[in-house]
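If you check TrEMBL, you get these features:
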- 1-30: region 'Disordered' (REGION)
- 20-30: compositional bias 'Polar residues' (COMPBIAS)
- 57-74: transmembrane segment (TRANSMEM)
- VAL68, ASN72, SER307, SER410: Na(+) binding site (BINDING)
- 86-106: transmembrane segment (TRANSMEM)
- 137-158: transmembrane segment (TRANSMEM)
- 224-242: transmembrane segment (TRANSMEM)
- 254-284: transmembrane segment (TRANSMEM)
- 296-321: transmembrane segment (TRANSMEM)
- 333-359: transmembrane segment (TRANSMEM)
- 394-422: transmembrane segment (TRANSMEM)
- 434-451: transmembrane segment (TRANSMEM)
- 463-484: transmembrane segment (TRANSMEM)
- 504-526: transmembrane segment (TRANSMEM)
- 538-562: transmembrane segment (TRANSMEM)
Amino acid sequence: MENLGYAGGQVEPGEKGTQAADSRSVASPMNSSITLQTISDDTKTTTSTRDKWGRDIEFMLSCIAYSVGFGNIWKFPYTALKHGGGAFLLPYLIVLFIVGRPIYYLEMILGQFSSRGCVKLYDLAPAMRGIGVAQTIAMFVVMTYYAPVLAITFRYFVASFSSTLPWSECNPSWANCVNSSFVGRLEPTNGTAVGLQSSAELYFLKEVIHKAPSLEDGLGMPDWKLALCLLFAWIVVATILIRGAKSTGKASYFLAIFPYVIIIILLLQTLMLDGAMQGILYLITPQWDKLLSIEVWYEAVTQCFFSLSVCYGGIIAYSSFNNFSNNVHRDAVITSWLDTFTSIVADCIVFGVIGNLAYVSGQPDIQKLARDGAGLTFMTYPDAIAKFQFLPQLFAALFFLMLFIVGVGSNLGVTTSIITAIRDQRPQLRHWQVVLGTVTVGYFFGLLYLTPGGFDFLDVIDYYGAKYVTLTFAVLELATVAWIYGVDRICRDIRFMLGIETSFYWRVCWGLIAPAATLLILIFSFADFELQKVPMGYNVLGLFIYAIAVLQLPGWYCYAVWRRRSKQTESLRKAAHNALKPMDIWGPESDTVRLQYQAEEEQYQNSQPLERSTVQRIKKRMFNKG
């Protein structure tokens, strides 16, 4: 399953193949001062070579910081608990192996080989450029609500330094409230225990987000404290991004490594809590009957998909700043497995704490204490921490600091993808201008989610503008790369770039398993589709965002055909066909390396028979066999 041998035609692997790879490394864009001629769909511009990571390890650390985020901390534990506990890990690991990791590696290859972001990447098939534009729209949607969650996290972090945790005790104005610091089980007396809420839950709903009962009366005005926290979050992101990949790479040492220091501390503390092992055992105890449910496998693929953050554009953007000869195979394997390891450790921490909460509160049903999404992070976990007898402020501060740091790392990848897409299309814009413009827009849109109706609005926007857009265009991305551009050509690109042959495992995952699995997820999602339970205007807005994204594909296809037809050298049918072929400038960033690549590719194409049967074409595309 590893990439084993060097390719060198009739030459031994250790000779010319290695030499060619080395020469390409010397001529790589990182070491080149040559200017690169790039052609957008509108204009021809000349721009300097792309910004690069200071060291190769900074790329891997940045990918770790990007992939490890809120999904690992709050979505994975609840999803695993709901769908079979320990039994859920088996389909998740299988899906990671045959879908998640192959897509992760594929996007790294594409970004590094072409030094392009997710929009400019489609120089490999200009008619499909709408895929990259739609993915950028999805990333913009994610960017608008990711930072507001960071803002709430930062507010909790600051509140953790209070002499008494503010969510540990009830406000006198709160009805039916019980102190989260209370240890023990309330016995119902004349119905008094019915409808009680913890002070941690009410603090989040009433003091932090001022949650409205519904969206019937609109969103409302944003909370000024959260607005300041949001401003701080964007200042942190802008400060790191302002100098491009080099400053992001330097920050990655802290953003990728320090959270694991906190995670280890929290894990050790959690294991010493009374009832913690019961919570962890409850999580990992397999419910084997759940493996027969299609929904469990659907959730495993979805969780793997969104946990690794593939098909959003962030991985492509980050890898586009790589040295041409960087070993992305190693990076993809390490990062994907580390992401899974983090999810499992986060599970142990969260459910160890919930087990302690069940122990001290006398609640036998642990599942009743677990909440989905933000509720797990901002209600269940603070409720449990308030019951700690030893320095609850310390562990609250550590938890929310860890959450803030992993959130910043993920937000950097999201924002970088958007900035890269803009600069690829408009290279004349200065980097700092694009950064400041993006974070400013992100800040003002983010205020919408800090209103009393903000969390309900977030669910709607995420449902239509992120989930469905991403799944739809993930299918189209994989189909374009694997079957229009071709698995066989991807393998030749890898051999040219890294000097290694691609194994059968990667070929079959890229060509068959990953596209089929992603298509099944999309079909299952549409079959399960239902309008959100909010006023119809919000559903219309969500559907409008989805429609705008979907229309990018036919719109850019027509534009690509029109551009070719405007030269008056091709018929409409031929232009529609040729618009799916790579542009003349497709290939590595360095002029020298690109010319060498194009010469080798032309030589290969000329050596192939012109007429092939369908079976022969499939064999060639999948396995490089005629």
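For all residues, glycine too, the Cβ spot is worked out from N, Cα and C.
Residues 147-148, 150-152, 154-155, 158, 208-209, 248, 251, 408, 411-412, 415-416, 419, 431-432, 435-436, 439, 442-443, 446-447, 450 of the same chain sit 6 or more residues outside the transmembrane segment (224-242) yet have a Cβ under 8 Å from a Cβ within it.
Counting same-chain residues at least six beyond the ends of the transmembrane segment (137-158), those with a Cβ under 8 angstroms from any Cβ of the stretch are 70, 208-209, 225-227, 229-230, 232-234, 237, 312-314, 374, 377-378, 382, 396-397, 400-401, 403-404, 407-408, 410-411, 414-415, 417-418, 438, 442-443, 445-450, 454, 458, 461-462, 465-466, 469-470, 473, 545, 548-549, 552.
Note: SER410 (Na(+) binding site) has non-local neighbours ALA65, TYR66, SER67, VAL68, GLY69, PHE70, TYR146, SER309, i.e. same-chain residues 6+ apart with C-beta under 8 A of its own C-beta. The Na(+) site is defined by VAL68, ASN72, SER307, SER410, and by the 8 Å test on Cβ atoms against their centroid, the other residues of the chain that qualify are SER67, GLY69, PHE70, GLY71, ILE73, LEU308, SER309, ASP339, THR342, SER343, VAL406.
If you look at the transmembrane segment (463-484), the same-chain residues 6 or more away from its ends with a CB under 8 A from one of its CBs are 103, 106, 110, 122, 124-125, 128, 131, 134-135, 137-138, 141-142, 305-306, 310-312, 490, 510-511, 514-515, 518-519, 521-522, 525, 532, 539, 542-543, 545-546, 549-550, 553, 580, 621.
Contact between the transmembrane segment (394-422) and the transmembrane segment (296-321) is supported by 3 or more Cβ pairs under 8 Å, counting only residues 6 or more apart in sequence.
Around the Cβ of VAL68 (Na(+) binding site), 29 further Cβ atoms fall within 10 Å across all displayed protein chains.
Using a Cβ-Cβ cut-off under 8 Å and counting only residues 6 or more beyond its ends in the same chain, the transmembrane segment (296-321) has close neighbours at 50-53, 59, 62-63, 66-67, 69, 71-72, 75-76, 79, 82-84, 87-88, 91-92, 94-96, 99-100, 103-104, 107-112, 114-118, 121, 132, 135-136, 138-139, 142, 245, 290, 328, 336, 339-340, 343, 410, 413-414, 416-417, 419-421, 470-471, 473-474, 477-478, 517-518, 520-521, 524. Here the transmembrane segment (86-106) sits apart from the transmembrane segment (538-562); fewer than 3 CB pairs are under 8 Å, leaving out pairs fewer than 6 apart in sequence. A sphere of 10 angstroms centred on the C-beta of ASN72 (Na(+) binding site) encloses 23 other C-beta atoms. Long-range Cβ neighbours of SER307 (Na(+) binding site) (same chain, at least 6 residues apart, Cβ-Cβ under 8 Å): SER67, GLY71, ASN72, LYS75, PHE76, GLY100, ASP339, THR340, SER343. Beyond the transmembrane segment (504-526), the same-chain residues lying 6 or more positions past its ends with a Cβ under 8 Å from any Cβ of the stretch are 1, 3, 95, 98-99, 102-103, 105-106, 294, 298, 301-302, 305, 311, 467-468, 471-472, 474-475, 478-479, 481-483, 487, 490-491, 621-623. Residues 60, 63-64, 67-68, 72-74, 76-77, 80-81, 89, 92-93, 96, 100-101, 104-105, 260, 263, 266-267, 270-271, 273-280, 282-284, 307-308, 365-366, 369-370, 376, 380-381, 383-385, 387 of the same chain lie 6+ residues outside the transmembrane segment (333-359) yet bring a C-beta within less than 8 angstroms of a C-beta in it.
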